[in-house]
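Asks: My structure is below; once you've seen it, I'll send some questions.
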Amino acid sequence: MTTLTITRPDDWHLHLRDGDVLTDTVRDSGRYNGRALIMPNLVPPVTTTEQALSYRERIQAENKSDSFAPLMSLYLTEKTTSEEIRKAKATGHIVAAKLYPAGATTNSDSGVSDIKKVYPILKTMQEEGMLLLIHGEVTTHDVDIFDREKTFLDTVLAPIVNDFPELKIVLEHITTKDAADFVKNAGPNVAATITAHHLLFNRNHMLVGGIKPHFYCLPILKRNTHQQALVEAATSGNPKFFLGTDSAPHAKDKKEAACGCAGSYTAHASIELYAEVFENEGKLENLEAFASFNGPDFYNLPRNTDTITLVKEAWIAPETMAFGNDFVVPIRAGEAVEWLVK
């Protein structure tokens, strides 16, 4: 039987939601992750230090794992102050601020419409060593949804990188060859997370033979040439790329609807799904760096010191999983996952 022991991984982009669903989402992500960076797009958004610390307390109240710890982020708005950034940084629990272009994804209506309005805040973040996380899509109606990421790179991200050369930036959940190339060619302060579902699937999986709503996420799945570029980047050993699931649960009826929500749930099997990708590429030896080393190294945090063991043993993912009083349909529902964490 094939086994693989790696340093305990971290998830550098995770949605846990809030309220009664935390019992389920914290359990799923806390099974084998050491840390997870929790996204702040609640309703209302997590815009202050007090809100972030309160959210952290609610997560910890449901955390049954001695090895799992949430790291928090602030939701960046045009009203965010430099004082708030400094206060957040001083807590030791809030490690980043998240830039959502207004309307780009779930609960992003409070996001930034004019990037220049937050330049003073980016300057403070650069000075304080607070990381900037970016949902890299434009949201103007004249840009096709499949082109939003590429346009963002050219019109928004490139100027930010140029104007703030010391600001550490993570381009979240990249979906295009353009984004992978941008990160590779940028300086050492620019990195990216990549999801398991963007490595395993492309837009054909979502659209051919009937619409599959559980593959619908933002940024949207792209064509297979972009998928292959992401796989190459993730499995290459390049330290600029690391694991961020963007596991984003919605209740089954909110996905299977005339106007369904964006987000795919992978927390039930995240490292197992990544292992499939790396095995398929013959690069299992690079999984540990992607999952366990590159993220903490970029964040200037210590690597985890304990390990987990994966076994090449197929199991069937559940058709549905508990999500508070509702159910969530996970990726690979009712289908085989090739690896299992022992």
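Count begins at 1; order follows the chain as displayed.
Glycine residues also receive a Cβ, built from the backbone N, Cα and C atoms like all the rest.
Okay, these came from Swiss-Prot:
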- His13, His15, Lys98, Asp246: Zn(2+) 1 binding site (BINDING)
- His15, Leu16, Arg17, Asn41, His135, Leu218, His250, Ala262: substrate binding site (BINDING)
- Lys98: N6-carboxylysine (MOD_RES)
- Lys98, His135, His173: Zn(2+) 2 binding site (BINDING)
- Asp246: active site (ACT_SITE)
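Are these features on the surface or tucked inside, and what touches them?
Replies: Neighbour density for Asp246 (Zn(2+) 1 binding site): within 10 A of its CB lie 27 other CB atoms from the protein chains shown.
In this structure, Lys98 (Zn(2+) 1 binding site) is part of a beta strand by DSSP.
Remark: Lys98 (Zn(2+) 1 binding site) has Met39, Pro40, Asn41, Ser73, Leu74, Tyr75, Leu76, Leu133, Ile134, His135, Glu172 as non-local neighbours, by Cβ distance under 8 Å and separation of at least 6 in sequence.
Secondary structure from DSSP puts Asp246 (Zn(2+) 1 binding site) in coil.
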Asks: Based on Cα distances to Asp246 (Zn(2+) 1 binding site), point out the closest of the binding-site residues His173, Leu218, Ala262.
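Replies: The answer is His173.
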Asks: Would you list, in sequence order, the binding-site residues among His13, His15, Leu16, Arg17, Ala262 whose CA lies within 10 Å of the CA of His173 (Zn(2+) 2 binding site)?
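Replies: So the list is His13.
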Asks: What is the separation, in Å, between the Cα atoms of Leu218 (substrate binding site) and His15 (Zn(2+) 1 binding site)?
Replies: 13
Asks: Whole-number Å distance between the CA of His250 (substrate binding site) and the CA of His15 (Zn(2+) 1 binding site)?
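Replies: If we compare the Cα positions of His250 (substrate binding site) and His15 (Zn(2+) 1 binding site), the gap is 10 Å.
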Asks: Taking the Cβ of Leu16 (substrate binding site) as reference, which residues of that chain separated by at least 6 in sequence fall under 8 Å from it?
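Replies: Counting only residues 6 or more apart in sequence, the Cβ neighbours of Leu16 (substrate binding site) under 8 Å are Leu22, Thr25, Val26, Ser29, Ala36, Ile38, Ile59, Pro70.
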